[in-house]
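Heads up, the thing below is written out as structure tokens.
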Amino acid sequence: MNKPMEDAAITDVKKRYSAGVLKYRQMGYWMPDYVPKDTDTICLFRITPQDGVDPVEAAAAVAGESSTATWTVVWTDRLTACDSYRAKAYKVEPVPGIPGQFFAWVAYDIILFEEGSIANMTASLIGNVFSFKPLKAARLEDIRIPVAYVKTFKGPPTGLVVERERLDKFGRPLLGATTKPKLGLSGRNYGRVVYEGLKGGLDFMKDDENINSQPFMHWRDRYLYVMDAVNKASAATGEIKGSYLNVTAATMEDMYERAEFAKELGSVIVMIDLVIGYTAIQSMSNWARRNDVILHLHRAGHGTYTRQKNHGVSFRVIAKWMRLAGVDHIHTGTAVGKLEGDPMTVQGYYNVCRDSVTKQDLPRGLFFDQDWADLKKVMPVASGGIHAGQMHQLIDLFGDDVVLQFGGGTIGHPQGIQAGAVANRVALECMVKARNEGRDIKNEGPEILRKAAQFCAPLKQALDTWGEISFNYTPTDTSDYAVTPGVA
């Protein structure tokens, strides 16, 4: 979109810095001829201007309010290198098929952000600008982070490859389950659930996001019973096992204390929740790196700002920030389960976690190429309303480098927890075997599972119980550039 000359940036210094109010594009925040530098951070915003607000002016306002501008001209601008410090909106396009919404591309000089700080970057990009009155709504859809800035972050403390080496498990997805019910179990009963799941063939068990240290179960009791279960299951199966011990707490001091105790007990992995905040996440990443412990991130709270398509932050952006911040696992959706997730969009999240270079892929919501500069890869986690009868879909969608977590799909098994774990492990092994033999598991999957169930009573019971269960709702966050195919 091009605007007439009277709306162009004012170059006369006297006029530009005269006291009063100027349009944002006149102050230099709209630069349609700007070519982003390799060292620029580029953000794609979805903006919905108020009625009567020009979309170019709205884009310029986003650039201004997320970098150096305020509502009026200030004389102290002349004490800075304004041309470097101003963010630059350089392109605006209508969102396909959605009247009143626009995509705005905004470039930020690398000098605007503190090295290795997600908190500082987000204070600019999703700070006051999201409350700006001339906008009905704004959403950060995607971000291109320059290699020069990526290199200021340490990234995942363990990474996908080293995690597999530590666990000695290759060529298949990892299996997990969340202990249920989330709240109310005693420490001893909690440990019994963990043992049964791991003994039945799961690689991991897991605390849920809201189990910390409540009156019915102190965190120290849980850790002791859980690690006793992990050690016994490892001895019984000959496999390395783990259970995500949630160290989320009210203060960093409490979190460090819990993490240290988990390490002393021999846990290979600890867990944190997204709600602890970006600074706490980076702090726990540093701890995990120093102590050779895998760091699992539950994305608790993300749906409050990622789910709505017109306002907030896309989860693909959160996934990028978390890879920089340094987590080894992150929940990324299932597409076929109970939680929000369009199949192609969710695949885009997985690409962000696992690629060395994430390529632009508009049908999957990826607007930019992203070079990760050899930053370690994150293991995506699929969790929420999945069961053994969907194994072919999950492997077809997400491949091997994923943790498939069947909480209710393990612990709700009619024959018990261990039987539920057996059902999931057999379903996984038969599907991987069929895939490796060259079979079309997407289409032949149900038949492959039925044949395997002839020799595995727990799998047969799982298919009989949940085989017809699906969550067929229209996702709210879908690609603007492709019709998403069904998951069959």
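Residue numbers in this text run from 1 along the chain shown.
Note that Cβ sites are derived from N, Cα and C of the backbone, with glycine treated the same way.
Note that the coordinates shown come from a computational prediction; the quantities given were computed from them, not determined experimentally.
Marked as substrate binding site by Swiss-Prot: N128, T178, K182, R299, H331, S383. Swiss-Prot lists K180, H298 with the feature active site, proton acceptor, giving sequence analysis as the kind of evidence. Summarising the annotation, Swiss-Prot assigns N6-carboxylysine to K206. For K206, D208, E209, the entry in Swiss-Prot reads Mg(2+) binding site. What Swiss-Prot lists as site 'Transition state stabilizer' is K338.
Nearest by CA distance to N128 (substrate binding site), out of the recorded positions K180, D208, E209, H298, is H298.
A straight line from the CA of the residue listed as 'N6-carboxylysine' to the CA of H298 (active site, proton acceptor) spans 10 Å.
Neighbouring residues of the recorded Mg(2+) site, listed in sequence order and excluding K206, D208, E209, comprise T178, T179, K182, D207, N210, I211, Y244, N246, M271, H298 (Cβ within 8 Å of the Cβ centroid). When Cα-Cα distances from E209 (Mg(2+) binding site) are compared across the recorded positions T178, K180, H298, the shortest belongs to H298.
Residue pair R299 (substrate binding site) / K180 (active site, proton acceptor) shows a Cα separation of 18 Å. Under DSSP, K180 (active site, proton acceptor) is assigned to coil, being neither helix nor strand in the three-state scheme. Rounded to a whole number, the C-alpha distance linking D208 (Mg(2+) binding site) with K182 (substrate binding site) is 6 angstrom. The recorded positions listed here (T178, K180, K182) include no residue with a Cα within 10 A of the Cα of H298 (active site, proton acceptor).
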